[in-house]
Every structure is written in C-alpha cells, then in structure tokens.
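Q: In case it helps, Swiss-Prot gives these features for our protein:
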ACT_SITE  Thr178  active site, nucleophile
BINDING   Thr145, Lys167, Thr178, Glu257, Asn381  substrate binding site
Amino acid sequence: MINYMIPKGFLCCGKHVGIKKRKLDLGVVYSEKLCSAAAVFTKNKFCGIPIIVGKENIKDNKLQSIVVTSGVANVATGEEGLKNTYRILNKLSCELNIKSENILPSSTGIIGKQLPIDCIITGINGIKSSLSKYNWEEFNRAIMTTDKELKIKSCKIGDATVLGIAKGSGMIEPNMATMLAYFFTDASIKAVELKGILKRAVDKSFNMISIDHDTSTSDTAAILANGYVGNVNLEVFEKTFTDMCIDMAKDIVRDGEGVSKLIEATVMGCSSFESAKVIAKSIINSPLVKIAIYGSDPNWGRIAMAIGKSFEDDVDPLKIEIAFNSNVIYDKGKIYEENFDCIERYLRDNNECKIQANLNVGDFAATVWGSDFTEDYIRINSYYTKRK
C-alpha cells in the first residue's frame, strides 16, 4: 500500500543489475518534461567520480533524470571510473531519448572498486519499459547500502506535490550533502529560486546531523521541478520543504548503523549561530557522550568536556547551564544531583534523548541531531568490505 503522494510527470524503477549479489542496485528516475534543478554535493576533497560529473551536468540547472548505482562508490577509480560513469549516462540517454548532460549520476558503496560496467550497461537495456509512477519503493531499495528502513516522504503545497527519497546510515556528517537525498516536485519554480531553497533547507536539516563524524565521498542532495501543476507560493513551499528535509534527516539518524537512540542537542545563548552549531556538533560527535547515552548514563561531565573542546570563545563554565530534557543537571558551577535519577529514567525509557546547553552570552541557538554508539556499529563497520 502506497502511503505517500506522487508528483505528476515522474517515473522511476529499481533493478538488480549485478553490482550486489542479489539486492536491487540500480535506480533511475525520469521526468516526462525537462526540469529546473538544483543540487549540492559533498565537500570531501576525495569525492567520487559521479560528483565530478554531476557538478558539470547541473551547471545549467536543468535535469531530466537521475541514475544511482549502489554497492560500489566509484571513488578513487581514475580514468576508468570516469569513462564508466559516462558510459552509464550515454547508455541511459539513448534508452530514454534525452541528453546525457541532463542526467545526474550518483554511486554509493565500497570505495576503491571499479563498477562492473558491462553488467550495468546490460541492465540498462530496455529500462524505459520498467519505469512506472508507482516504483518509488523499488527505487529507494535500489540506492540503499546498509540502510534498514525505506526513507520516503511527501507533502502537498497548494496543488503541487513534493516527494523525497533518501538513503544513508553510515559515514554521515554531511557538509554541503553516505547520504543521498532526491526531491521531485510538479511545481513550477525557477532554477535560481530552487537553488536558494535547496541550500537553505539542507543547511537546516542534512547539514545538522551526524552519526559518526565522517563526511562521505559521495553525498548528494538534489531537487527537480517539472512544472506540471504551475506556480506555488514560494514562502510556503520553502517552509514545508524544509520541514520535510528535517524529518528525513532525523530518519537517516534513526536508521544509522548500530543506532539505538537519536540524540537532539540544542545549544543556545551563543554570540552567533555558527558558534552554537560548532558546540552542538561537538556534543553529538563525542564518542564518550554517545556511549553514555547508549548506557543511559546522565554523565553531564562528558557534555561539559565536549562543549569545552569546541574551543569557542563563548564557552565560560561559570555561565553555562546543561540539562537533559529541560531537567537541569549543571548550572553556573552548581551540580543538581537530585535530578540524576529522573534523568537516568528519562534516558533509559526513551529512544530519543534531548540535551540542552545554554551558554548565556548571546541570543543565537542551533539544534543538531546525532546518535549513540553501540556494539552493532563496530560489528557492522569492522568487516564492511568482507560482506560484499
């Protein structure tokens, strides 16, 4: 049963072409009309070949298709990797009868392996007949690696629909945007406006999450607007779209490798938003904080340590307040031991835990989302390449 709304004019599919042993590993989305488009990419300097090609293809802010391979990242693959990406685009452009430069490529998976290109080219044969407006779950499965759950969201904005598909559960600390997020809308939005909307939404959502403090080589977030239903109120569109991005970002954290709890850290009372964000990220990226949350341990000292090691000028221990779910445990040098038991129960009984820190030096705040560390995270990542 489909429990999401589908924008007009978009078709998709997910196929098994032989990159993985059995699972779906090739996803394609196609618009019946050329779209205005925008995309943001990883800032990792060791980026994947599809990122290099994608940056070129998005320069004119027009796309008509997205193609994603999963299982092999096509990173550190040199000239052969570049040729393979162009072979995929050229083959798909012939099958869909569109320009290859209007296709955005992505790959996710193991770094340092070449794509099994012959299998992929064979799998693209006749792919247009596999496209359907109902195949979004198959597309989502085709782009997944260690994900456990589908990540599909949709919303209505006037007459227009926005559909979002994402993957990502490890190597997650986007800095733009392994995290992939694609959005499709039948609204008519000019490219220059779409670029601003996407960047601002990503900055408030995907760039505010972290699972393991590693920025992937392949992160991509893109939006395509084909204009089927006409104009929308851009202010309403941006707010609704941003809220959807935040929900999807939190879903990525919840589905993170070995994650048992989502951590929401809010740092307020800072002299700037950037300072608040740096300190909040320092909290959720601390292995000791993550492990304490996993063990339901109200170890506020680890939070204090994480705040201090941010090296931000805003940090003054005699002004700071630290709380769990608004239960204060430290305030300007005073420790509230009487709150330990209720905080411990809160951490034990909830799979989403809120940490607040008020630096009391300004008016700016930032909220970020992270996860705990469990034994499963180590198990999953200690033999990742051996499973492939």
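Each position is counted from 1, following the chain as shown.
Every residue, even glycine, has its Cβ placed from backbone N, Cα and C.
Quick caveat, the model's predicted, so the values are computed rather than measured.
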Q: Let me know how many other Cβ atoms fall within 10 Å of the Cβ of Glu257 (substrate binding site).
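A: I get 25 for this one.
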Q: In three-state terms from DSSP, label Lys167 (substrate binding site) for me.
A: strand
Q: CB neighbours of Thr145 (substrate binding site) within 10 A?
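A: Here the count is 23.
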Q: Around Lys167 (substrate binding site), how many other CB atoms lie within 10 A of its CB?
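A: I count 27 other Cβ atoms within 10 Å of it.
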